[in-house]
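Now, the feature entries from TrEMBL:
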- 12-32: transmembrane segment (TRANSMEM)
- 38-59: transmembrane segment (TRANSMEM)
- 80-105: transmembrane segment (TRANSMEM)
- 125-146: transmembrane segment (TRANSMEM)
- 158-176: transmembrane segment (TRANSMEM)
- 182-203: transmembrane segment (TRANSMEM)
- 258-283: transmembrane segment (TRANSMEM)
- 311-334: transmembrane segment (TRANSMEM)
- 340-360: transmembrane segment (TRANSMEM)
- 372-391: transmembrane segment (TRANSMEM)
- 438-457: transmembrane segment (TRANSMEM)
- 463-483: transmembrane segment (TRANSMEM)
Amino acid sequence: MNQIKKGALLSYINIFLTNTIGLILTPFIVKSLGDSEYGLYTLIGAFVGYIAIMDLGLNNTIVRYVSKYRALEDKESEENFLGTSFIIYGVISFFVVIVGSIFYFNLENIFSSSLNPEEIKKAKLMTLILIFNLAITLPGGAFTAISNAYEKFVFPRALANIKYILRSILVILILYLGADSIGLVILDTFINVLTIIATFIYIKKYIKVKFKFQFPQKTMLYEIFSYSVWIFIFAIIGQIQWKGGQFIIGTNLGTKEVAVYAIGILLGSYYGAFSGALSNLFLPRATQMVVHSATNIQLTHSLIKIGRYSLFSLLLIFIGFVALGKEFIILWVGETYLDAYYIAIIIMVGYTIPLSQTFANSLLEAKKLFKFKTLVYFTSLFIGTLISFYYVKKNGIIGVISCIVISWLISQIVMNIFYIKILKLDIKQFFIKSLKDFIPPLISTSIASLFIIYIPIDGWIGLTVKGILIVISYILSLIFLTMNEEEKQILNKILKTKNGIKIK
């Protein structure tokens, strides 16, 4: 397998590890720290986490421009660009420290009514450590971006998986030995420093990247910020995409409904995590194709090919959750959260088309047309949130999420028109060759699921058995009803490598 395929596989493994271990580890952390201590840990982490958006979209900018200079074989411009980028990161880290310091010195005023003196003392120490963590993590993330730009996806993603497994083991160990929330923050900072050092050594030794530091030119700064600002705004939209709904529900219904809504958002977000896992892989390739003036037919072919690969996993998750989601939620958080099932499904429906068009998103970045998508998404989110104010009283939390997702689906229609008119992509062919081919496995697996869900085995074991049977049913349907020859050849390579099995 090449770097992209291995990178995609490792990204999916990372999503699986993050979600699975997170579901198991979180109750252990809560139990070890206690509700109050865990609440403090998440509260300070959330506040400091919002400062992380000061990245200003530079990571994606690095991927785009380094990919461009590689395609042009312009090493000097690449070195100048990277030097300028790290000067900007130095300024950003300085402002992170300033903003963090303001937060630190005002902690007592902000939380005086909700935290006791001992908790404020801990909160201050955690804030100092997390600000240091963030000040080095933001520029450190650029090393991974450089690796991505060179299409070296395996090392950073393998390192991320090792990092998460190691962190999980050490969290259990230090909590068992009696550590508190400060111990967790120190551990995270230590592991982040090691990861940044390892990635820096990799790009210097194996990719042999150089940085040329000089006084930034105005034209270069304008080039960087005119591109990154829209990535930055889009990241903010991603942060607040579902938060408006929580505010509306909290002010009109109550905390119980907010909790149910939050669980639904969490489950829907796991589905959406596949977007980031794949889009980061294809920006370098999209940029190179644009630089080398690839034809619209070639770009459409890549869109269809990548869209199909995305749908292989997305639709399996969707069918599996529709069939077993209620049972999972009851086992995980209890029957009172069942409405979260419908919220998650509505979000998944809204996510499916954009997740299958990640390559089109990469083309927008490569062609410096991301501004349009940012404005469309912002407008749709704003309108959807406003309309949900009206429906929250009549239709509750389902009404809120429906308004937001419907407005989001309308934005997808607008974006697809943009892909046709401006990017000149053959979206009709995309829907025919991507979505249409998945109707047979959807139908066959759905029919199989109707029988599988009634297997009389309860609990987590029963859920696991049913899940495995749905996966087998779906994969067989894909092989015999959907996969083309090229996709079967790739599957053959994987199976041959693993077990010597061959699909005809």
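Positions of Cβ are set from backbone N, Cα and C atoms, glycine also.
Automatic prediction, not curation, is the source of TrEMBL annotations.
Proximity of distant same-chain residues to the transmembrane segment (372-391), defined by a Cβ-Cβ separation under 8 Å and at least 6 residues beyond the stretch ends, is recorded for 230, 233-234, 237, 240-241, 244-245, 248, 361, 364, 399-408, 410-411, 414-415, 418, 422. Counting C-beta pairs under 8 angstroms (sequence separation of 6 or more), the transmembrane segment (311-334) reaches the transmembrane segment (438-457) with 3 or more such pairs. Within its own chain, the transmembrane segment (12-32) is flanked in space by residues 38, 157, 160-161, 164-165, 168, 171-172, 175-176, 184, 270, 273-274, 277, 313, 332, which lie at least six positions past its ends and keep a Cβ under 8 Å from the stretch. At the 8 Å Cβ cutoff, the transmembrane segment (125-146) and the transmembrane segment (158-176) share fewer than 3 close pairs (sequence separation 6 or more) and do not count as touching.
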